[in-house]
Amino acid sequence: MSAAPLRSPTLRPHRMKKEESFLGKLGGTLARKKKAKEVSDLQEEGKNAINAPMNPSTVDIHPEDTLLAEENEERTMIDPNSKEDPKFKELIKVLIDWINDVLVEERIIVKQLEEDLYDGQVLQKLLEKLADRKLNVAEVTQSEIGQKQKLQTVLEAVHDLLRPHGWTIKWNVDSIHGKNLICILHLLVALAMHFRAPIRLPEHVSVQVVVVRKREGLLQTTHVSEELTTTTEKPASHTCAVGGVLILIFFPPKPERDAFDTLFDHAPDKLSVVKKSLITFVNKHLNKLNLEVTELETQFADGVYLVLLMGLLEDYFVPLHNFYLTPESFDQKVHNVSFAFELMQDGGLKKLKARPEDVVNLDLKSTLRVLYNLFTKYKNVE
């Protein structure tokens, strides 16, 4: 008779550890659920505020029941319905695709604006590429202080570019680093418009934003409508909440179409005739300096030929210290073209529709506008 098979002994200590591990996990799960409930409660307060527009509401809430633990602390949130707006989604997609196209050589892929842009790394690369300049910042920074220092340098460079053209700054270091999507979108839209990005932004994109502030243990809410893009003929305005301050912002009106818009849209076959006539005109004068133009888009982009051409047309010598003879950076090229524009206005030409940045960015339509203005005034000059 064979002996009965032996059973493996039960290891009690191992089971106790398993029970302790299960209880530990249960405690962690409960803690996470409590945290999720706090977030849900704050979002619910925002929704309630949205449903009662024009009447700032106060909700009796204890500090431990909200993420706004500090007195006078403020947060903004986008109405969930606005996030689902097709135009809002399209705006985000267009901007993400644009950033990825610009930075394709850097092997940078942006998937979410708030998470990928807040530390300044992507914004630094984007601005360096667009403006053709190198910023003096650390390449990689992990600490919050280092990230904010980099953001400060990047945003100062952005402000130096935008302010001379009348842009109102609608963001700051804290709002970008705090992942404020509205302020990040304002920044990107401004950059795209300033550098004439080859993209089509959706028109009239607006979102509803709730500003929640904690005062004496109560949540007080206000509502603002943020207009992110516009193409209205009249100057459009909207408000933006930055650091608790509501700023009224005006957008310039949509520019009127001219003959070159019509030429590009409806008669592109005649474009070569126009270009040939303008090349003949400019070479008639530049040949006096042994210079010759074959490509209008590229050879006027640094502003040198424009400055020299104005001197020839007006019959004066332009001092070399007034412009960069061999410009290297985007800013130096913009300086040259801007200086040429000043010489044109001094010569009696009307203010040009084109912008210096457009010419530097190889925008053919803008370059043609500039040269055609010169042709109209100086076509009989020998």
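Glycine is treated like the rest: Cβ placed from N, Cα and C.
Worth saying up front: this structure is predicted, and the values here are computed from it rather than measured.
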Matching range for TrEMBL feature annotation, region 'Disordered', among 38-60, 130-152, 268-290: 38-60
Model confidence over the domain 'Calponin-homology (CH)' (272-379), averaged pLDDT: 88
